[in-house]
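One structure below.
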Amino acid sequence: MSTRCVSLDLGGFLSRLGSASSLVSGAYLFIHYALLVAYIARSSDIVTNAVGIPLWVSATLFTSTLGGLCYFGSQRVIGVVNGGLVVGILGSFGLLVTVGSSGLDFNSLLTANWVAVPHSIPVIALAFVYQNVVPVVTTSLEGDLPKIRTAVVLGTGIPLVLFLIWNAVILGTSSSLVDPSGAVQAISDPLLRLRSASGIVAPTVEVFSFLAIATSFIGFVLGLSDFLCDLLKIPGGGRRSPLPYLLTLIPPMFLALTSRDIFYQALDFAGTYGVLVLFGILPAAMAWSERYSGICLPPSVKPIVPGGRLTLAFFIGAAGFVITSEAISKLLP
């Protein structure tokens, strides 16, 4: 059998394009910088509203404190701090669900707006991005496939349950947002609904939001600084080199101060153009190229996801459709 086959499919086309490392690196940087901008912007708002200091001071304090922890702190110290933040998140989340569910209207959960589904996909995709930690999980579990599958399923399933509970509380209280004329009141931030439910909810929402942002911020600072060390080829991994951390922290801090509404804009852009490209289109295109590029060698790993070309084409097409529709909607008045 010949080791080379003639192929005119997508895989052959991609292989002729050459390396996609620049595209992948760009998408990775885009996601991390966009989310760091969102985290700094939102946390600065919370601190400013709480203590009344200028926004730029809040942004500087938040960025320098947690950035300093990532730079100066050992893995053990960072783990202890992050663990304490997670405990605070679970406690405040439980309180919010308990208070918010007191006025839950189950009939509201039966109401659906399917037109809004495509616009929600980028945020949903952003909420469940975990692929960048799979290599760490694989190394920690020493390549044990059953344990890796368990970690991935539980690591995705538990946040999914919390995500569904949270959405049920928000959507289940939407009936109180209808005015006497029957029109639904527009709310840009669903947390505003909970803030008006009880006196204890407002500060709890702020605590929950701040702690959730802080844990995510620590992870993204460590991930992006490590990536920049490799990108800049800094010797020794750059653990004590300040340059990767300065490049990680300073640009998003200044961008976060450009607009008070940049939090939602950054989340939308990261989910639409970053996550759907890096974790939607590219993995399916890489699998297509590996399987059907025309190199007639038996695959070293049996495909886990069934469906072949149809499944891969679906993921590429679906992600491409969402990206295109979102881009068009932003261009049109």
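Just so you know, glycine gets a Cβ as well, placed from its N, Cα and C.
Since we're looking at a predicted model, the values are computed, not measured.
In TrEMBL this protein carries:
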- 20-41: transmembrane segment (TRANSMEM)
- 53-72: transmembrane segment (TRANSMEM)
- 79-99: transmembrane segment (TRANSMEM)
- 111-130: transmembrane segment (TRANSMEM)
- 151-171: transmembrane segment (TRANSMEM)
- 200-222: transmembrane segment (TRANSMEM)
- 269-289: transmembrane segment (TRANSMEM)
- 310-328: transmembrane segment (TRANSMEM)
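Tertiary proximity for the transmembrane segment (200-222) is limited to same-chain residues at least six positions away from its ends with a CB under 8 Å from its CB atoms, namely 32, 35-36, 39-40, 42-43, 46-47, 49-50, 62, 66-67, 69-70, 78, 81-82, 85-86, 88-89, 92-93, 95-96, 99-100, 191, 194, 245, 248-249. Away from its own ends, the transmembrane segment (53-72) comes close to residues 40-41, 43-47, 78, 81, 214, 217-218, 221-222, 225, 242, 245, 248-249, 253, 256-257, 260 of its chain (Cβ-Cβ under 8 Å, at least six residues beyond either end). For the transmembrane segment (111-130), the partner stretch with the most Cβ pairs below 8 Å, chosen from 20-41, 79-99, 151-171, 269-289, is 269-289. Among the recorded stretches 20-41, 79-99, 151-171, the one sharing the largest number of Cβ pairs closer than 8 Å with the transmembrane segment (269-289) is 20-41.
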